[in-house]
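Structure record follows, encoded as structure tokens.
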Amino acid sequence: MDAWSRSLERLEAEFPPEDVHTWLKPLQADLRVDSLVLYAPNAFIVDQVRELYLARIRELLAHFAGFSDVFLEIGSRPRPVEAQNAPVSTPSAHVSSEPQVPFAGNLDNHYTFANFVEGRSNQLGLAAAFQAAQKPGDRAHNPLLLYGGTGLGKTHLMFAAGNAMRQANPGAKVLYLRSEQFFSAMIRALQEKTMDQFKRQFQQVDALLIDDIQFFAGKDRTQEEFFHTFNALFDGKQQIILTCDRYPREVEGLEARLKSRLAWGLSVAIEPPDFETRAAIVLAKARERGAEIPDDVAFLIAKKMRSNVRDLEGALNTLTARANFTGRAITTEFAQETLRDLLRAQQQAISIPNIQKTVADYYGLQIKDLLSKRRTRSLARPRQVAMALTKELTEHSLPEIGDAFAGRDHTTVLHACRQIRTLMETDGKLREDWDKLIRKLSE
């Protein structure tokens, strides 16, 4: 393994995977006797590598190769024959008139539709992303907006769609960016007076995937440039897939015209996974790691960790790491011992007072209204929702929940839980309220 490969291996361990795939994987290395030349597909990557990674690359190169001279070039690494005949010159960064966007190196190939665990909370999002990948640019799902809390699988679906497009058409120009990367690229273009080039680079793609567009809020110039990019891609029938941490109309600081454009296609909420999906996710992630996890341990984690997929993965990573270190088998007792602090913190985060306040705020009530004896519909339904959420999200018994709601009988709590479950099968608004409250309480 040469010095660059060893340096890249260390960088992969130190930086987030999505950053490595976006900025470092597209680089082509030309390792010379006393220097390293890194070739990047475009000026964006040169800028990001110079600002964020170059100092660390030089440190690693000094350690592995004994020198720290690193030069950044835009273009492709010369072929060996050409390199032998080419005159020796000092490398320097230069910008070609039309640098190309790195269409292959910024998609994480690990995330596919095949390894996405489907459940009631995400099945519509999965279907929408799959359709967007099968028929990119179709007005029925262009743009496709996936929204929901952190760690629920939005980015997984986005990567899966991009990877499926490239699998179907290896020449497809699919570009993934986080919103702050779009912002940084635009700022750099403004500083260097290369906005025309910036616009051309983003408008030549077949599919543009941007994560976390709530970051655009309050950034007027960024929204303006994205608005024009959006229009050009939409008119050209190029697929746009976006994610947001909430429904865009709820994002303050996002321009009305941009919110209107986002409503042109399909917007799908990704909700926190239910118990069955959480258990399936734990078992699937364990299989990916080659770990043996008994079903009862997966059920324990799924029951206690209710917020998002990342928390489930974190619990699983902690469990398998300690099992490997100690050589102990993963049992229910071992899991409870290992995850004790994590599970306690999770339970403390979702308490009865927290649920009562969240429900009261959502329906424009006060907590005392939920606890009162009044039975008007405007109070009874939110009260039932709060009781049902408490049963769903905590370990409290029915009598304990009744006590917390002004000493109500446990049969009242049971009736509330059954009533809400039954109504949600036919009442779309109630289902929407329930999902939003789950999301708020899981944040």
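Each position is counted from 1, following the chain as shown.
Quick reminder: no glycine exception, Cβ is built from N, Cα and C everywhere.
Features reported for this protein in Swiss-Prot:
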REGION    1-67  region 'Domain I, interacts with DnaA modulators'
REGION    67-105  region 'Domain II'
REGION    106-323  region 'Domain III, AAA+ region'
BINDING   Gly151, Gly153, Lys154, Thr155  ATP binding site
REGION    324-443  region 'Domain IV, binds dsDNA'
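The candidate set comprises the binding-site residues Gly151, Gly153. Of these, Gly153 has the most other Cβ atoms within 10 Å. Gly151 (ATP binding site) carries neither a helix nor a strand DSSP state and counts as coil. Ranked by how many other Cβ atoms sit within 10 Å of their Cβ, the binding-site residues Lys154, Thr155 place Thr155 at the bottom. The ATP site, placed at the center of the C-beta atoms of Gly151, Gly153, Lys154, Thr155, has further neighbours from the same chain whose C-beta lies within 8 angstroms: Leu146, Gly148, Thr150, Leu152, His156, Leu157, Thr243, Ile270, Asn308, Val309. Here the region 'Domain III, AAA+ region' (106-323) has a mean pLDDT of 89 out of 100.
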